[in-house]
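Some features that TrEMBL has for this protein:
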TRANSMEM  20-39  transmembrane segment
TRANSMEM  59-76  transmembrane segment
TRANSMEM  83-105  transmembrane segment
TRANSMEM  111-128  transmembrane segment
TRANSMEM  140-158  transmembrane segment
TRANSMEM  178-197  transmembrane segment
TRANSMEM  204-220  transmembrane segment
DOMAIN    210-359  domain 'O-antigen ligase-related'
TRANSMEM  226-242  transmembrane segment
TRANSMEM  251-271  transmembrane segment
TRANSMEM  348-369  transmembrane segment
TRANSMEM  389-409  transmembrane segment
TRANSMEM  415-432  transmembrane segment
COMPBIAS  443-454  compositional bias 'Basic and acidic residues'
REGION    443-479  region 'Disordered'
COMPBIAS  462-479  compositional bias 'Basic and acidic residues'
Amino acid sequence: MAEPASVLKEYAPTRRPQQFAVLILLLVFGYVIIGIPSFDRNAPLASEMNQEYVSPVNRFIWLAFFAACLPFAISSGQKLRRLLLAAWPLVGLHVYFLLSATWALDPSTSARRILFAWVQILVAASLVTTIKKAQTLHKCIAFICFGGAVADLLIWIVRPGYAMTSEGLAGFQEQKNSAGLLMMYGLLATGSFLLSWLSTGRRWVYVAECVLMFGLLLATKSKTSLVIVLLMPMLLAAGYRLRTASEVMQIFVAAFAVGIIGMSILAYMTWCAMSGQDIWSVLQGITFTSRTDIWSFMLDEISQRPILGAGYSSFWSIKPSLQPSLKTSMWFGSEANINEAHNGYLDLLATGGCVGFVLGIFVVGRYLYLSFKAIKYNRHRDKRASAFFSPETAIFHFSFMLALIIHNFTESNLFTGSGMIMVCFYFIAFDLEKWELYRKSDEDGVLSDDERARLGQKKKSFRSEHQPGTDMDARADPV
């Protein structure tokens, strides 16, 4: 079990800033993953009070995190600049989001939200730059997710009427989908540790944690999260098989998959045109729990602002007089608590336009590629890059990116102010950028022979090199 004591103990021989950085990391994840429960599901817009960026409480907490990370940012200024420059697609996307506040439907709300997104980015970059051990981020996410699962179980026992809603188990979360999301990412983070070399006792502890979180996931009745958890072993197996192929074969497989999907859609559209059928007739009667009504509304709104969009996070939960969904005659026109399109890609199109959509998809694709690359470089014959990421951490990053992509087909947490997922995404994105910088530095000969020896480059078995707890603290820092 990745308890905080063990995480802090890993840094016992190191300097105090390392221990303090891990503590801040635990507090950040504790806040964004568990949050501050409102204990009032009937209050108007109660779901927005915990993580909404115009909330004074949320504003104070994030500014406190930012202030706590300032010493790290100052002490590692050059490394931080290199990391931010390496993450230029992510930084560039948020520069565009910052500019979009000038033409947003609600400029003041959009500006506040994008400023706090920048605060989160700087907090994530500062902590990733400061923390030296590659597996610490992974362990912290696993521990906090398990802590959230235990908290949800306890509140279900103590206050079952509050924890169990009519739709499913919500626990401390604002709704059942958030609880399902917590369990899903907890299973991905903890389950990946089962792929490493563990003692029998620790393996059974991880198995027990996974059983608890899977049981709570079933209780949430969150279908999207459950499907992702069930699909993930097959997707990871396919990724593992593909990693040993040549780059030409990998490109061919990716192009073939995209081509099959594209040709299928083109063939279907051609058949509809020739037979006079409605192209959407295949979806008639399928509503995805009333999501299709919202999607139809979103497409109409996107067509009104196709290029630049409505501005960053300036479509939902803005001033009621400006919010488009509250002006429609559709059934959700009077539902102020509906604050997303239940499709992250439609929300990205609506707020960022085609420009923001293309940039956002490029960013997501980049980190999916880097996470797959991290798995690929954790092979027996490549001992240099594998020293920076343990195999289980590389697998978790890859599974996180896959889950993020799939989840956003029915939920919205892609470059939005929803809190939990995007903050985790920022941390993982910078962790992958840091890994890529180490890998390039090693391949370019930036690291000396002595530094490589300290990184574990001496002749040793593959098993001993990847044993959990391998010391990474003494490594050189090209970031």
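Any Cβ shown, glycine's included, is placed from N, Cα and C.
What TrEMBL says about a protein is an automatic prediction, not a curated fact.
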Stretch winning on C-beta pairs under 8 A with the transmembrane segment (415-432) (pool: 111-128, 348-369, 389-409) is 111-128
May I ask you to check whether the transmembrane segment (178-197) and the transmembrane segment (226-242) make contact, with contact taken as at least three Cβ pairs under 8 Å and only pairs 6 or more apart in sequence counted? yes
Taking contact to mean 3 or more CB pairs closer than 8 A (sequence separation of 6 or more), are the transmembrane segment (389-409) and the transmembrane segment (20-39) in contact? no
For the transmembrane segment (111-128), the candidate among 20-39, 59-76, 204-220 having the most Cβ pairs under 8 Å is 59-76
Beyond the flanks of the transmembrane segment (83-105) by 6 or more, those residues with Cβ under 8 Å of it: 111, 114, 117-118, 121, 125, 128-129, 308-312, 314-315, 318, 322-324, 351-352, 355-356, 359-360, 362-363, 366, 415, 426, 429-430, 433-434, 436-437, 479
If one takes Cβ-Cβ under 8 Å and requires six or more residues beyond its ends, the residues near the transmembrane segment (140-158) are 1-4, 7, 22, 25-26, 29-30, 33-34, 37, 164, 169, 171-173, 179, 182-183, 185-186, 189-190, 193, 209, 212-213, 216, 219, 396, 424
Grab the same-chain neighbours of the transmembrane segment (226-242) for me: Cβ-Cβ under 8 Å, and only residues 6 or more beyond its ends, written as numbers and ranges. 180, 184, 187-188, 214, 217-218, 249-250, 253, 372, 375, 395, 398-399, 402-403, 406-407
Summarise the model's confidence over the domain 'O-antigen ligase-related' (210-359) as a mean pLDDT value. 81
I need to check the long-range neighbours of the transmembrane segment (348-369): which residues 6 or more away from its ends have a CB within less than 8 Å of a CB in the stretch? 89-90, 92-93, 96-97, 100, 298, 301-302, 305-315, 341, 398, 401-402, 404-405, 414-416, 425, 428-429, 432
Across the domain 'O-antigen ligase-related' (210-359), DSSP yields 101 helix, 0 strand, 49 coil
